């Protein structure tokens, strides 16, 4: 009943209006899985390759017809007749057939779309929700938890057209008892933030991930306006709501210095920028910082981990790119204490699960994440619950491409009830 009989690839549009790959996997019992690959803006240099056509006459060169052709051609031929329930085998077949280190032959966007569609079809054939199937693939059947959301309510850096250097300023509704309550708190703070910004004469247009993207006097001012919004919403900062940041520091690392253009081109060494961040953590209840230095600055990251690693969660995104080889090196060297998990950085479900397992086995936390270019596909919600990862980063409280994930989490929590606890701040490293 779970043998693959047909695979279809197509070019669809993501939340930024760019093409991406969608795949359908059909099984002999009539079961179908449908999945789409997301796409990043601030990408790590060691990510698996997202294959684009480069034909400037279509979609400004961003078409994905080559990747779609790979799905409809060699990938389909290789996986038809195989058992979709054997995820590791499906993924291995595609990776081996691609034959490159970074999936550049077919594109990680092609391989991932088929990988996720196969998992969805297999779950349907087993008559179970995707999160339950993922828990079985993960070797943790029946073990679930609802993730603490990191909600990106002020966007800067590569995600917005403003003067804020740090890419994401996030809230975590740690005072919530359930995921559904966390979403409500996030929504209320989000709306109060709009009022705070408007009162200051600031822009309330939103960035790629649904957060506001105002021009501010400094990066610290983003934290100040969020603190004001939390209070206005009737919550206590540090008790009901904590803060998190994604610096995406690789984006402002120039000639060995960290240059904050939005603050008059202030330049910092690795140590100085670490202490700049440390000062912010003393002023505000920041419990998690992602990519606080450049992805290649391992000596700096080691220092940052020594200074901040026992106090807060230090998440490697561009640093680790969901890659077990790089994560292993980070664990051995004592660099960071958490990994951001993005399917499309590595390009298959099997490799994603391996990265989560490696992190957890080493005492690192794993934060499941969207990309800035998303679709209505909400698979990361099921991934977060099915691996009991504990944390999720899927944008703000606007744009359907973000909200789709929160809504799926609400549905899953309703279905699982007490079987999926919401552990809040306990999930965050160092808290």
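A Cβ is built for glycine as well, from the same backbone N, Cα and C atoms used for every other residue.
Quick caveat, the model's predicted, so the values are computed rather than measured.
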Annotated companion of 246, 317 at the Mg(2+) site, Swiss-Prot, chosen from 272, 278, 290, 351: 290
From 198, 200, 342, the one annotated by Swiss-Prot with 167, 371, 372, 393 for (2R)-2-phosphoglycerate: 342
Residues within 8 Å of the 246, 290, 317 Cβ centre (excluding the Mg(2+) site residues themselves): 167, 168, 245, 247, 248, 289, 291, 315, 316, 318, 340, 393
Proximal residue to residue 290 (Mg(2+) binding site) among recorded positions 167, 209, 342, 372 (C-alpha distance): 167
(2R)-2-phosphoglycerate site span - longest C-alpha distance across 167, 342, 371, 372, 393, in Å: 17
Residue 209 (active site, proton donor) versus residue 372 ((2R)-2-phosphoglycerate binding site) - Cα distance in angstrom: 6
